[in-house]
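Novice: Below: one structure in structure tokens.
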């Protein structure tokens, strides 16, 4: 971008692309590569004289702010001309691993930039609306401790060996916000209906926060930018009531955290209306606590009710167990869908306590947590008013006329006859530079798998800003998904 290369964190829970600029001198920015304003890139285009402000905030109360600009963006050999993005000049968002910002992969309606500037469609939607991709989707493989992939326009054939086994789930649209003039539902988030939860085969029926507004369906957001699994207290407390010895051990900033015996062998299964997706203990256990190594913190954690009605956030612990496909849909022809392909055989045996123990022993780390010596009560919260217009219907699978991919695409994911075998696939290049991440407590160690020439992140070739050089292999666009760094390959 602007003859500069950056690593950015992927986020399916937001829609904006932003990077920190050289004008940001806070401690949060100074240690990462920054977009060099002094370089005066020939492809940079100001928006309203840099007076269109960009502001973003996160659940942990951190913020980033700056202005909106346009720049030509290169994703390996894909070009997105004059992409609107945020240049951040003030931030207290913690960035690590030379990550300079965030690439949001959500719907245009969720975009701060698209709602501020005309013709400022987010990156993924822009490629789909321009017809740049073979099909308007992207796929994510987040394998633990090994190479993963991000693909635009096609499915990673090395991860999905049988496309007929992909579970396709309708994305849920949302009605207009209260107080606005909209009369039809549109797509906002990668949210789907969560039908059932099982703990060792025992049903825990999800209880939605807004049963009338949502026709008694719980909603779950598939969010690669979330490092855990979160649900409402009314569901999470009942899940752990099915696991012997588990108890609520912390309520910090309204987040409820449970712990359970590390030698547990229970499975947690999620059902979205079709097939089951099962989490083994090593999928949902965080690790032993320092106060009592026989007890492990566990997902899901609990959150108070959210006014958008999205009760569940399924982050990387869940997404590491599946290959996930996010199909944007096609204007007037096809609704958005999420495809999930289980990476573990459904008949795989339940992990034994010895397997779980060996897994955590190999990590050689504990979580710095002291367990209370008394039982904590499950907190209760006042439900906020629902933010959407309940007089407007918003059925899953709604085909809309705008905001999706260009209608020049021919649909293959029609609800009546999904033809997943017609979706394009790709094989990752054997010379693709990737990172393998090993987990050592809270420390991640990256190991390259291919030798490449190098570049300096955040600086054009042959140009020196005086900042310390951060050199990485050339010819690769890097993305970071929580602790896992992914190489991007051609579609």
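Glycine too: its Cβ is placed from the backbone N, Cα and C atoms.
The model shown is predicted, which means the values in this text are computed figures rather than measured ones.
As annotated in TrEMBL:
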type	residues	note
ACT_SITE	11	active site
ACT_SITE	223	active site
DISULFID	24-29	disulfide bond
DOMAIN	1-341	domain 'Peptidase A1'
Novice: Fewest other CB within 10 angstroms, which one of the active-site residues 11, 223?
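Specialist: The active-site residues 11, 223 were compared, and 11 has the fewest Cβ atoms within 10 Å.
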Novice: Which of the recorded positions 11, 24, 29 has its Cα closest in space to the Cα of residue 223 (active site)?
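Specialist: Of all the candidates listed, 11 is nearest in space.
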Novice: Sort residue 29 (disulfide bond) into helix, strand or coil using the DSSP assignment.
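Specialist: DSSP call for residue 29 (disulfide bond): helix.
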Novice: Kindly state the mean pLDDT of the domain 'Peptidase A1' (1-341) in the predicted structure.
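Specialist: That region's mean pLDDT is 94.
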Novice: Compile a sequence-ordered list of residues in the same chain as residue 24 (disulfide bond), six or more apart from it, whose Cβ lies below 8 A from its Cβ; state 'none' when nothing qualifies.
Specialist: 30, 34, 66, 88, 89, 90, 91
Novice: In whole Å, note down how far the CA of residue 11 (active site) lies from the CA of residue 29 (disulfide bond).
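Specialist: Residue 29 (disulfide bond) to residue 11 (active site), Cα-Cα distance: 19 Å.
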